Every structure is written in structure tokens, then in C-alpha cells.
Amino acid sequence: MIPQSEIVIMAVVAVISVLLPFIFMFVLRKWFKVRWIPFLIGIAVFLIFALILEQLLHAAVLKPSADGSIELLTVSPWLYILYGVLAAGVFEETGRLLAFLMTKKYYRDIDSAVSYGIGHGGFEAAAVVGISMINGIVIAMMVNSGSDALNAVPIPAENLIQSQPWYMYSIAIFERIIAMILHISLSIIVFSAVMMQKKWWLYPFAILLHALANVTAAMLQSGLLSNMYIMYAGFIVVTAATAAIAVKLVKIYRNQSDAL
């Protein structure tokens, strides 16, 4: 049986993950105006580049077997990590680049980059955390009710979902908050590559930062790292460095805009 309190916590986490972009809008409203079109473009680009195009590449390159195992992960974990982090960086940052190039004529203020990042990261939060929590709730309710539908699943019902302490769900939200900060920061960096003269190198730099942010998570997934807290430490350090660069670029861009 899955405790009712745990089902409630999963529901709360799902709601928070969906509300997260709007919470960021509220918190950042003092410094940045909300631009709804860039926000929606951020959602669309993540959907197309991360959830469709990148996944098609994974299916072609990784060729997962019927049981979900991946030969590259077994044969060469480090190559698997390198491929995974670079694929995420290239697809998502290229999506950002194309979005900013296509809207350059209409959205030239740095607020647009922030709104784009909120849309991009917010949709990821809903897709990664929100959907997984909803799936968990459905499975938990089926397990608790003894649903006959579970008989069709080739694994024991008690193994479908494992009870977790409440703070593990809090970590999921914390992770998405850090990821949102990363996406907003990367959006500012790529926006600067498009809008600022002789700053084109910021685009490949954003790819590198994105890849570095994912390294420890990929190591944990591949079994080369076992400590979850080291994984989060690596993620936080790279995100903090990326955010510091983004803050500096915001100041430079606004100073240049004021001088015109």
C-alpha cells in the first residue's frame, strides 16, 4: 500500500511544477517585464528541439533494445555521457539561437530572453516532474485499489512504485528551480550572442555550459557516480557560474541600450 499522505505530496509537487514558471515571473517582475510571445516560443522550442528532434536522434544513435538497455552505456559509459550532454546542449541551445534570430526584429530587449527562458524551463519542469508525479499518483491509486489492470504488467505491483520520504519530493522541486535558473541564464547568453556585436562565440559557450551542467547527472545515470548530493553539487556550481555570467551580460546589454 502507498500511504495517502505520499499521494497528496505527489499531487502538491505536480501542481507546484506547473506553477513554477508563473512563480518565476512574479519573483522577477521587479527587474524584467513579462513578454508572452517569447514565453510561448520558449515552450514551443523545447517541445520541438528537446522532446521531438533530440529524441529522434537518440532513437537512431543509441538504438535502445526492447528491455530499454543501451549497448553504448554498457560498452563505453564515458562516450555515452559525452554524447548525452552534448546532444542536449546542441539541440536546446540551437533552438534558442534560431528562436532569437527569427524574432530579432521584434523582441530586442533582454526581458524577452528571460521570458523565453521561463517558458523553456517551465515547460521542462511540467514535462519532467509534473507528468512523472501524475503517473505516480495513477499507479499508487491502482496499487492501493488492487486494480485488475495491474495483472497485465509483467512485474509485481509493489515494484511499480516505491514509497519515498517526503523530502525526496522536495528535492525534485529544488532541482527544477535550479534548472529554471540555468535555462534563463543560458537564454540570456544566447540572446547576447545574437544581439551583441562580436559575441557570436557565446552560442558555442552556452552549449558547453549546458553540457557541463548535465555531466554529473549523466554520470549518476550511467553508474559512474553513486552519490546524489555530489551530482546536485556539480549541477549547482555550473548553474551558479552560468547565472553570474548572465547577470553580467544583462548589465552590459542594458548599458549599451541606454547609450543608444
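Cβ coordinates come from backbone N, Cα and C, glycine included.
Here TrEMBL flags 6-27 (among others) as transmembrane segment.
Summarising the annotation, TrEMBL assigns transmembrane segment to 39-60 (among others).
The transmembrane segment annotation in TrEMBL covers 80-102 (among others).
For the transmembrane segment (123-146), same-chain residues at least 6 beyond its ends with a Cβ under 8 Å from one of its own Cβ atoms are 1-2, 6-7, 10-11, 13-14, 17-18, 20-21, 42-43, 46-47, 50-51, 157-158, 160-161, 172-173, 176, 179-180, 183. Residues annotated as transmembrane segment in TrEMBL: 123-146 (among others).
What TrEMBL lists as transmembrane segment is 166-194 (among others).
Sequence annotations record features per position, and here TrEMBL assigns transmembrane segment to 201-223 (among others).
Summarising the annotation, TrEMBL assigns transmembrane segment to 229-250 (among others). If you look at the transmembrane segment (229-250), the same-chain residues 6 or more away from its ends with a CB under 8 A from one of its CBs are 110, 171, 175, 178-179, 181-182, 184-186, 188-189, 192, 196, 202, 209, 212-213, 215-217, 219-220.
Long-range contacts of the transmembrane segment (166-194) within the same chain, counting only residues at least 6 positions beyond its ends with a Cβ under 8 Å from a Cβ of the stretch, are 5-6, 9-10, 12-13, 16-17, 20-21, 24, 42, 92-93, 96-97, 100-101, 104, 110, 112-114, 116-118, 120-122, 124-125, 128-129, 133, 200-203, 205-206, 209-210, 213, 232, 235-236, 238-239, 242-243, 245-246, 249-250, 252-253.
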